[in-house]
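The next block holds one structure in the form of structure tokens; read it before the comments.
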Amino acid sequence: MAGGSGSRGIYHLLRNRLHSQATAPPVLSSLSKKDQDASGSAGMKSLRAIALLGAGVSGLLSFTTIASADEAEHGLECPSYPWPHQGILSSYDHASIRRGHQVYTQVCASCHSMGLISYRDLVGVAYTEEETKAMAAEIEVVDGPNDEGEMFTRPGKLSDRFPQPYPNEQAARFANGGAYPPDLSLITKARHNGQNYVFALLTGYRDPPAGVSIRDGLHYNPYFPGGAIAMPKMLMDGAVEYEDGTPATEAQ
């Protein structure tokens, strides 16, 4: 019995030891797995952070590239100028309109038409009726036919529209290296940002930046779509002589 009892004691001791050895590895394995999971989770978080940072940088570069490409294609966004006639109770300065017409006749009319404007549109806005009649009479208008079926020329009158600088589009393009000077009658309505764009364009000529080449016959202007415009810089200090003695600066 004593032998049997001893045998049973040894048996239980060995079984407990084996059981202890058998159960220990899973615990260690579990701890190791937790460490691995924690390490793996931290690694994944780092990878996600790097990926997000990379995506952010890529997005910023893409936005910058798109913005630069958009500026190159559509022109630099022009400033918003403080026009004195934009207020609720404000109106156009008639003296300024008169000076604007003088700029057109002395600088712009040789290439650009204003085919939708009649001389009578200037009466009471920039000139008196007598002044406008005298101005219209300076041009010759082809009219007719007369009673004999022939066309004839006569002095202009208030109902006549401003004369065209070219007889047709082909002649205009030939005289301007293939470019077609737009009609200026509604130019501020026909262009995005209207008067701001026109002012920025006319005063925005500059030397092209490094790396930008402009072919012969074109001029660099960042506000013009594509940056290269056929029209040279036309407004310069002293280029126009105003009747009222206003200093003829480029911006004026």
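Along the chain as shown, residues are numbered 1 onward.
For all residues, glycine too, the Cβ spot is worked out from N, Cα and C.
Going through M231, M236 against TrEMBL, the one listed in the heme c site together with C108, C111, H112 turns out to be M231. The Cβ centroid of C108, C111, H112, M231 marks the heme c site; residues of that chain outside this set whose Cβ lies within 8 Å of it are V107, A109, S110, P181, L184, M234, given in sequence order. In the structure as shown, the Cβ atom of C111 (heme c binding site) sits within 10 Å of 19 other Cβ atoms.
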